[in-house]
Amino acid sequence: MATTNSAQAEGKANPAAARAPGLVLAVLAGAQFLVALDITIILIAVPSIERDLGFSPAALQWVVNAYTLAFGGLLLLGGRLGDLAGKRRVFLAGTTVFVLASLCGGLAQDQVSLIASRAGQGIGAALLSPTAFALVATHFAEGPQRNRAFGVMSATAGGASALGVIAGGVLTDALTWRSAFFINVPLGALIFAGAVLLLSEPARPKRKLDVFGAVTVTVGSTALVNAAISASGGGWASAPTLISLAAAAVLLTAFVVIQATHSQPLVSLRLFVNRNRSGAFTVQLLNNCVNIGFYYFLSKFAQDVFHYDPLAAGFALLPAPLCVIIAAQTASRLLARTGPLPILVTGGLLLGGGLFYASFLTFDSAYATGMLPALILYASGFGSMVVPVTVTALAGIAPQDSGMATGVLNACQQVGTSFGLAAMVTVFAGALGEAPGKPGPQVVTDAYDQALTLGAGIALISLLVVVLTIRKRTSPGAG
């Protein structure tokens, strides 16, 4: 054990990873695959769930939102619990919760049971996702080895988000919506078994949980995500949205004050002193503001405008996960030679270009010259950015703080996803609402274009953040 602890403290490879690095990485990437897949796999299954369980339109949104709310609200706590209670232990607990909740979701016979199961999946994901990334940081040596591992993790997560739409269409069309839940059970069981056999428990300091910090950030993050959910349905000026925003502002301000004065904070504010790391967190937030929205609107565009069935719409998006995987692996190989800045600038231009190109889609656009180039540009850009963002955010992080840092990184992803999708949906709904009577094809395509134009604007801000904050080289020991 002393050898393991020393190796980790020096940023060297963990012995378990040295013996079977491919298998260790497969376990950790598999966990990230499950979490990312579940964000989108349910989208195409929603109409079938609505029919089978008799959901009203208002209640139906909670099939998606219960997962997002639990996941986003508990991410920071999940990451810090890994630091305090043991990353491997929390990883196993998260896998167990996720698998059991998935089984309950597949067996659900009423609305309450299904929504509770989705919340359970979110809780499991909040424990699983930050500890998976933190275990990469403690099992693989800092430098090319860790960069390659993060490349696989990031490519898996990015590809799974896009693949989830396709898998949801295939499973729902060929079997039933319940299979979108049941598929997690054997996959989760394999991940659990692999973790028991292959992962070791990194050394952890004797620290106490910052209870007040945990309560304020968990409730505050939940209120923030709930505000985004409320805004997508009732608008940003609605009473539920404003109440949630006010509660989030008060609680998160209290959280910052507690962290600044607590001797053992849940999230140390020193994380944000490093300019590169703060820039990476911000880019993570902004890029994920557009990511789910991009696939959501292109999937709807394929069905509403091109009149594809759910299965065909899913396959229309197939180039995206392939491009994400190729781009992420290419970026991980280039990172040691170029540093993060050139890759992030190139990726930002491609990502924004894909959104901008998609904003010109019309009802008579062809797939090959309209949607396909937008998918390739966007997915290549997003895939090339995920690795340098992750590596930059976690560079120089002490092993005992890796769960904290990955919790912040994942929280940026979830909050960005919720707010970005809400903003794009609000613009889309507003454009449709301005048209008298039933909107015609031109009005519908204009609404899609306005939502995607907003996404392109957010991507431009992300690119500016890269240029203004990221140094040419990331110093591992900085900050």
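The backbone N, Cα and C atoms fix where each Cβ goes, glycine too.
Here's what TrEMBL has on this protein:
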- 22-46: transmembrane segment (TRANSMEM)
- 24-474: domain 'Major facilitator superfamily (MFS) profile' (DOMAIN)
- 58-78: transmembrane segment (TRANSMEM)
- 90-109: transmembrane segment (TRANSMEM)
- 115-137: transmembrane segment (TRANSMEM)
- 149-171: transmembrane segment (TRANSMEM)
- 177-199: transmembrane segment (TRANSMEM)
- 211-229: transmembrane segment (TRANSMEM)
- 279-298: transmembrane segment (TRANSMEM)
- 310-329: transmembrane segment (TRANSMEM)
- 341-363: transmembrane segment (TRANSMEM)
- 408-431: transmembrane segment (TRANSMEM)
- 451-470: transmembrane segment (TRANSMEM)
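Proximity of the transmembrane segment (22-46) to the transmembrane segment (341-363) is not established, fewer than 3 Cβ-Cβ distances being under 8 Å for residue pairs spaced 6 or more apart. Only sequence-distant pairs (6 or more apart) were considered; of these, fewer than three Cβ pairs between the transmembrane segment (451-470) and the transmembrane segment (58-78) are under 8 A, so the stretches are not in contact. Here the transmembrane segment (279-298) does not lie next to the transmembrane segment (58-78) in space: the count of CB pairs under 8 Å, restricted to residues six or more apart, is fewer than 3. A contact between the transmembrane segment (177-199) and the transmembrane segment (149-171) is present, since 3 or more of their C-beta pairs, 6 or more residues apart, lie under 8 Å. Between the transmembrane segment (408-431) and the transmembrane segment (58-78) there are at least 3 Cβ pairs closer than 8 Å, counting only pairs 6 or more residues apart in sequence, which means the two stretches are in contact. Beyond the transmembrane segment (310-329), the same-chain residues lying 6 or more positions past its ends with a Cβ under 8 Å from any Cβ of the stretch are 44, 151-152, 154-156, 158-163, 165-170, 172-173, 295, 298-299, 302-303, 347, 367, 371-372, 375-376, 378-384, 386-387.
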